[in-house]
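A.B. asks: One structure is given below, represented as C-alpha cells, and several questions about it will come after.
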Amino acid sequence: MLSRLSPASIRRLSTSTRCLSDKNEPDLSDPKTLALHKLYRPERTTPQKRGIDLLKSPGLNKGMAFSLHERQYLGVHGLLPPAFMTEEQQAYRIITKLRQQPDNLAKYIQLDSLQDRNEKLYYRVLCDNVKELMPIVYTPTVGQACQHFGFIYRNPKGLYITINDNSISKIHQILANWPTENVRAIVITDGERILGLGDLGTYGIGIPVGKLALYVALAGIRPEWCLPVILDVGTDNSELLNDPFYTGLRRKRVRGPEYDTLVDNFMKAATKRFGRDTLIQFEDFGNQNAYRLLDRYKGEYCMFNDDIQGTAAVVVAGLLASTRITKKKLSQERIVFLGAGGAATGVAEMCVRQMMDEGLSEEEACGRIYMVDIEGLITTSRSKSLGERHVKFAKDLPDTKNLLEVVKTVKPGALIGASTVAGAFTEDIIKEMARLNPRPIIFALSNPTSKAECTAETAYRCTNGAVLFASGSPFENVEMNGKLYKPGQGNNAYIFPGVALGAVLFRTKNIPDKLFLLAARMVAEAVSEKSLNTYSRVYPRLKDIRELSVKIAVEVGEYCYRHDLATLHPKPDDMEMFIRQNLYSVEYDELINKTYEWPAKDSKHGFPVPVLRRTSMDEE
C-alpha cells in the first residue's frame, strides 16, 4: 500500500521544469518572435504504432494518462485500467513508492524499470526531484549498480561493440541495429576505470546510460538523440571473469594496436552512420588511454572526455567561486594536488589556462601548482620517469611522500584530492591548511563517497567552519555552532550537459578546451552570494542546472560561430529561443494531430460521373 503524503510532501513534488518553461515563454504578440517560434518549435507527428505496441514504446507510452479519445483512436482502449490520471498524479504515485524502497540500489532498479516503461514520466520525476534522485541515477549509486549489474540486469540498454567486431562495416551494422537513426550524442566507455571502482568490464554500461539520462534531465537533450555504447575488449578483473552473472567477454583485456584499431573503427563507423557532427563523449577510460585518445581525436571529431575536461572545468569553477570569498585571484594561489592521474592533471592544466588569462606566463602558472602522486611529490629528480604532462609541474624540492610535509613547505591556499584514497586528508593536514589560510580551500573529489579524501564534517570541524569545501559525491549538510553548512558537490553535471547541448544543437566540428573554461566561469558566476556567504557552498543549487545549461549552450554557440566551428547554417536569429524551443519537455505530448478544414469547394464530394456505356448490361 502507498502511504498518504503530507501536504508539505506534496509541495515538494515541484514542477520545476514547467516553471522554467513558463518563465522563459517567448512574447508571441511580437510578429517577428511569433515567426521564429513557429520556425524553431518541434512539430507533432501522430505515431504509427498502435495498440499494445504503443504501450510497449517508452517514448510514446502515457499509461493511464491517455485520454479516452486517444485510447479509442490509438487502439489502446480496454488495454488500460479505466481510470484517467494526470502526469502529476502519476509522478506522485512514483515518488511515493520510490521513497519507500529499502535502499538506493532498490530505488535505482525501480527508476530503471520506469525508464523502460514510460520515458516522459521517468524524466518528469527526475527533473522534479533532481537533488534527491541525481545521486540515484548517477554517482554514487550508479557505481553500486555497475558492480551488481549482472544481477540486476533486466532490459538491454545501449549497444555492445566487442573486439570481435573490429571493422568499420561490422560496427556500422551494429549501429544500424539501433532503433533510431537521428542519434546526435554518444557516450562511450570501455569499462576500465569506472568511477573509483576500477575495471568493471561490460558492467560499466551503467555509466553511459546514467550520463545520458543527465543529458536529458539537466540539458533537455532529447532521449531519441542519445546512444550509450560500451566497447568490450575483455577485463582484467579476475572476480568478473569468474562471476556467473558476468555479461561480457570472458578474456583478458586487449591492448595495443588491436585496441587502437577498434576505437578508430568505431569513430569512423559512428560518424559514417550518424554524421560527422555527432557528439561522442568518452567516459571512464583507463588513465593510459584517456589522455592519449583525447589528444588523438579532439581536433578531428566532435568529442570530449568528461573525466578530464568536464572534471577540470567543474573544479576550476569551484576555485573561481571560492576566490570571491578569499578575494585573491586564482593566479595568486598555490595549489597542491593529491593524485596525478588524468582527472587531476586535467584540472591542473585548466588552472594554468585560467592563470594565463589572468596575466601569468605558462611557466609561472605551472610553478604555482604542486602535484603528489603515488610516488610522492613530483620533483625534478624524477624527470626521467615522468610523462610529458607531468614534467612541467616538477619542482626543485626534496622528494617526499608525506602530504603534511608538502603542505607545510608549499603553504598552499587550495588542497585538491583526486587520489581515491579515503581519509588521505588527515585532521593534521586540514588543521595545517586552516593555520595557513583564513579561508582554506579543500576539495575532496574522489568518487564514490567511500573513496573521498575526507568527509565534509571533518573538514568543517577541523577548521571551525572556515573551510571552503567541495566533494565529488554528495555529503549531507553539516550543522555546527548554530550554523548550517551545505557542502558543494563538484559534479561534472554543472558542465557537460550545457557543453553537450550547445555542441549538439549547433552541430560543432570539434570542442576546443576554451569552451570548458568559459563554462567554468559561467558556473562560478551562477553561485549566489547567499550560497557563498550563508552556507559556504561554492556551487550553484542543483535545481538550477537546467537553466545554467541553457546559458552555457548559448555561450558555446556564440563562440563556435565566431570561430567557424558551428555547421548549423544559417545561424539562428535568436540563439536562446532556438535552444529553448528544442529542449525536451517532460510534459506529455498530444499524440493525435489536430484536424483542420479545407475550403468547401476543394473538399466537396460528388464530381459528376460521365455516363459510361456498359455493353454487357445494355444488351437485350
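Backbone N, Cα and C atoms are what each Cβ position is placed from, and that goes for glycine too.
Keep in mind the model is a prediction, meaning the values are calculated, not measured.
As annotated in TrEMBL:
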DOMAIN    115-298  domain 'Malic enzyme N-terminal'
ACT_SITE  Y138  active site, proton donor
BINDING   R193, N447, N491  (S)-malate binding site
ACT_SITE  K211  active site, proton acceptor
BINDING   E283, D284, D307  divalent metal cation binding site
DOMAIN    308-561  domain 'Malic enzyme NAD-binding'
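Could you place these features in context, so I can see how deep they sit and what lies close by?
C.D. replies: Its Cβ placed at the centre, Y138 (active site, proton donor) has 27 other Cβ atoms within 10 Å.
The number of other Cβ atoms within 10 Å of the Cβ belonging to N491 ((S)-malate binding site), over all protein chains shown, comes to 27.
Around the Cβ of K211 (active site, proton acceptor), the number of neighbouring Cβ atoms within 10 Å comes to 28.
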A.B. asks: Show which residues of the chain containing E283 (divalent metal cation binding site), separated from it by at least 6 in sequence, have their CB under 8 Å from its CB.
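C.D. replies: Spatial neighbours, sequence-distant, of E283 (divalent metal cation binding site): V187, I188, T189, I207, P208, K211, N305, D306, D307.
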A.B. asks: If you count Cβ atoms within 10 Å of the Cβ of D307 (divalent metal cation binding site), leaving out that atom itself, what do you get?
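C.D. replies: Cβ-Cβ neighbours of D307 (divalent metal cation binding site) within 10 Å number 25.
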A.B. asks: Please report the number of other Cβ atoms within 10 Å of the Cβ of D284 (divalent metal cation binding site).
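C.D. replies: Summing over all protein chains shown, D284 (divalent metal cation binding site) has 25 other Cβ atoms within 10 Å.
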A.B. asks: Taking the Cβ of N447 ((S)-malate binding site) as centre, how many other Cβ atoms lie within 10 Å?
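C.D. replies: Looking across every protein chain shown, the total is 23.
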A.B. asks: Can you name every residue in this chain, apart from E283, D284, D307, with its Cβ inside 8 Å of the center of the Cβ atoms of the recorded divalent metal cation site?
C.D. replies: T189, R193, I194, I207, F282, F285, A290, N305, D306
A.B. asks: Give the mean pLDDT for the domain 'Malic enzyme NAD-binding' (308-561) on the 0 to 100 scale.
C.D. replies: 95
A.B. asks: Y138 (active site, proton donor): which of the binding-site residues R193, D284, N447 is the nearest Cα neighbour?
C.D. replies: N447
A.B. asks: Looking at the binding-site residues listed here (R193, N447, N491), whose Cα lies nearest to that of D284 (divalent metal cation binding site)?
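C.D. replies: Nearest by Cα distance to D284 (divalent metal cation binding site): R193.
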A.B. asks: Could you measure the widest C-alpha to C-alpha distance across R193, N447, N491, the residues recorded as binding (S)-malate, and give it to a whole number of angstrom?
C.D. replies: 18
